[in-house]
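Taken from TrEMBL, the feature domain 'PIPK' applies to 304-647. The transmembrane segment annotation in TrEMBL covers 18-40, 52-75, 87-113, 134-153, 173-192, 199-218.
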Amino acid sequence: MIDEKTGQLAGNLTTVQIYSYSIIDLMSFLSGLLLVWLYLRVRRLSETPGFLILMLCEILALQSFCYVYTAYHFIITQELKNGSTCFLHGILMTFLIALSWNIALCLAIELLLQVNMSIKNDESRLWYYQTTSYIGAFAFTLPITITGGHGLSINGICSIMKDSWGNLLMWVFYLYLPIYLMCGFSIIVSYIKKPRKKVAIRNGILLLVFVFLSLPYTLEHLIAYNFPYTDLSGLKEFAIICRSLIGLIICTIRSTDNEIRETVKKMSRVSSIMDPLIENDLFNLATVSILESVLTKKDVDVKEMENDRLKITLLCLSNLIGKIHTNAQELHHQNFPWPDNFYNDKIDHEIVEADIASSELTEEQKKKFQRFSCKIVEYAPMVFFHILSQDGISQSDIIQNLKEGILEEQIDLNLSGYPTRSLHNSPFHSKYLLREISDEELEMFLSSLPKIHKYITEESHNKSLLVRVLGLFSFFPKSKHPYNVILLENIVPPDAIAFAFFELKGTKLNRQVLSDPSTFTIKNCPTEYLLKDLDFCQIQQNIYLSYYDQTWLKLMIENDVQFLKEMGSSEYSLFLTIAPSLYKEDLQHRYGRHVFSGQEEDKDKIYILGIMDIYINTKKKSPKTPRIEESPERYAARFLSFFESIIKCDSL
């Protein structure tokens, strides 16, 4: 029954409280759970403001859960919690309230640093934010706990007792208020004057929503304690609704983040298991397909079109490679640093109808491409010729391998993009791999080429585990969109029939391909997939090496990672292939430096390791594939830590 004077139900909960706690807070709690689930679908949480917002959303979700529990407990029992249980719940609720204020304060400071002062994101600050937030919340809660100030609040929830002096600590929120407002409004004003990234204005609005919806709640507690006989019925109901809405609105705003929206779109197209494989995640090693987009398209006609485009690319490269003649001995005697003209050199090639007519294409394909013409730009040919000669790779061998690809009726475009003899009994096993790269990545790689070239050939004495880039080309087909192609070595020896391929980055977030990796062993892994970190941790766990190999491999990995860190790279991966044992002594040096013999339980296996994706641009991304930049130092530390954790020595 409702009391006509107070408008409250028995047990001191009003009708507004019942509906607000049981419905709006339930929606806020569920939105927080949904946000966590969506975050687990995106790649990383290394952006400091984003991580702080996620923490804030989950703290609000926990608060909402307490309100939901109170409402349904009251609906069922017609009583409110009290006594020792309410005291303990009050400690938790008070801690969560203070923690949410502290996290919001840290978010405001971080946004001021990044947006107004143009200070770059530094993940090391996140540790300080978290530590100070928890310490501050503990300091807020402890004195109230010691003085027994927890119990039923003026809103019928277990928090700060309605007649406790702890209500005065609501002034802490007003101490933070100037920083909240300065941050939020300064971001909005700066955006109006000069529009910048939408993420900044979105975060500013999110912070202001938290502040304005929290104001009635804190104001209600202060007035109720200082003026106990004041009629607060209107303010109380308004504060209840505002507080219940905070979590729901903030989670909704955060769900408009680009990464989350892209994830939701992908989820509507593919299953949750296949999503990390099919999406253009910029992690996979170079594929026989020069177009990564083909991996996301299921239409047969589209695949056929991309297969034709690949054949044309193979044809063009097989015609132009070898046209540049130079003396390898002269290049070997060229001292570092090489003159800039070696790296800036460009050679223009032209593929015309006559080249199509005299090619290895079938008559049907020749008819299809008879009017095809294309201009091709080859970059730094002398530099890449020098890299080829270091490994004893002949241009004729590359040409022959490319022509073998042309003769394939249908080049296998498996999901991992990595061709092996075990795939559908396909006879095509490429020694060299092609991949399309963006204009930004082309520019970035060319600017870094002098350092990469010097490091590989002189500083590492050609023993580096970096996957070698053997050529760089831009294609300008007539009446079609231009594209760039990178030619890479395949570090897997032709005679190796792999058990499994792994691409390891030292992180567990969204790094699983198989639905249940524990049901597989290394010898029955599906080789059509490029497996990832969580698959490795359950299927293989470690790689077992001799003491000599372990020492040598660790030295080379550390040197390579140090070089990549100095270059500012933070997207590279450790490519690992596990295959049956073979005689390493019979391998060419280009394969031998990547092959290590297994020991102990893996003595009948070899490990093939290389560091790939050194050319991926982490600073300029398409808006369609937004990513969060991670500092090279942090990435390198995590990468090395993971690598060292999986290496096991047979003598230790």
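Each residue, glycine too, has its Cβ placed from N, Cα and C.
TrEMBL labels come from automatic prediction, so no person has curated them.
Given the structure is predicted, the values throughout are model-derived calculations rather than measurements.
Contact between the transmembrane segment (87-113) and the transmembrane segment (199-218) holds: at least three of their C-beta pairs are under 8 Å, each pair 6 or more apart in sequence. Contact between the transmembrane segment (173-192) and the transmembrane segment (134-153) does not hold: fewer than three of their C-beta pairs are under 8 Å, each pair 6 or more apart in sequence. Between the transmembrane segment (199-218) and the stretches 18-40, 52-75, 134-153, the greatest number of Cβ pairs separated by less than 8 Å involves 52-75.
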